[in-house]
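*Asks:* For reference, the structure I am asking about is given below.
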């Protein structure tokens, strides 16, 4: 009997089965050392699609918007989807990673698909692929991300969406979303250094990979990039006759009209919004919509440079879409009693710089308590081949009282929540990495020159000296760091029972058996305001949100 016909094949059962498609940590290391031709990986994805019952031509019906980039691609997709939904269109949106539940990766009209829909489509696809695999000829099951990409295609086709916004997983040229033949429009967000083991260690190599989503005759847009990677994108586009345009800044679209209000905080979101407006407008024009924004006087392009995308007046529906965009875990604030949580999944040097700017500006705007101390806490983790030492160095100007490091593991016993399971790394690996982060942090503080105790406190870039913290405990900053084995334990120590919604059972014995934990607990218990920045990994942010906002797990 087919499993998808059985009652009780619940969503968590489906997610547990999906997790078996994750690559085992030891096998993953072996694959990295023996990586083959990436083009064959793309061909394999087409075979998986055929085995699932679809042909590449079927995907043309989805009216796809394809977005890649190093930073801001998820936010750009979210802006784009929300703008087009404000036109009354039925939208599909495929993104990664998920924060709390895997269903978040496949959205209809901005909402994660329901548990029932996820379960139905999962088992239907799983069995089709199981029935067509052949162990003797290496015809196998697809990996985790490939499976979800295939599933998104099936969901969007069967739910008859008007369009699908696809966020590239990694890179572009050989990403499994790139089996599509004919998107309506493509976009490339800001480029930076990330996933160097897969994409290359220079901006030019990374730009070449990202430009792999360009298609002949399909309009593409990008934001201002450094000269060298921009030249690579231009050459890539010319080679395949892809019309590529450079987006004017958002300010140019605001001239002569009201300033645009964005649903996502942070100055860096203006670049993402500018790209989203161009991509959405192009999609509307390609599909024959008249209400796509009135053209203003166009600006001439400079010789030898990319042509500029049109400067137009965003329509009321576009303005509404930008204003109502939500994208959790990116420049997100949660105010809870004396605690303010600042959540941002920045994990590259450029996105961390943007995160630090946003955090300091948000601190500057927030109300100071009438009396009592303020404490700043960093909760950090970093994974993969990221340069965690460089990320931590960028966080130093925030002057944290305490730096807390923990793995992206919500709770030590997470077997009841399959959405948070990760088999691609071992517990030993992630804990050793956290200890390395702590050592980096201590070393950074040791390298700092001790300030003259008689000098006037220096002014912060984004505000006066009043932004400095309450008097620090008598120990040095290098000692003010802790490593916890999971996010729950870290939050229990940070909150000290003072978050009105996060009230876990009593902390395990021995959790506070450390001088820093002991003295810090007293500081946190007495503080009038506690500012907690959670950053370095979207998976870390997701684990924190799972615990702070239990409704997200429903």
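Including glycine, each Cβ sits where the backbone N, Cα and C put it.
Heads up, TrEMBL stuff is auto-annotated, nobody curated it.
Positions annotated as domain 'Mur ligase central' by TrEMBL: 67-241. Taken from TrEMBL, the feature Mg(2+) binding site covers 96, 167, 195. The annotation ATP binding site is assigned in TrEMBL to 330, 344. As annotated by TrEMBL, region 'Disordered' applies to 446-471.
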*Asks:* Between residue 167 (Mg(2+) binding site) and residue 330 (ATP binding site), how far is it from one CA atom to the other, in Å?
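*Replies:* Per the Cα atoms, residue 167 (Mg(2+) binding site) and residue 330 (ATP binding site) stand 16 Å apart.
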*Asks:* As a test of the contact definition, list every same-chain residue at least 6 positions from residue 96 (Mg(2+) binding site) whose Cβ is closer than 8 Å to its Cβ.
*Replies:* 105, 145, 148, 167, 169
*Asks:* Within the chain of residue 344 (ATP binding site), which residues six or more apart in sequence place their C-beta under 8 angstroms from its C-beta?
*Replies:* 266, 329, 330, 331, 332, 355, 358, 359, 533, 534, 535, 541
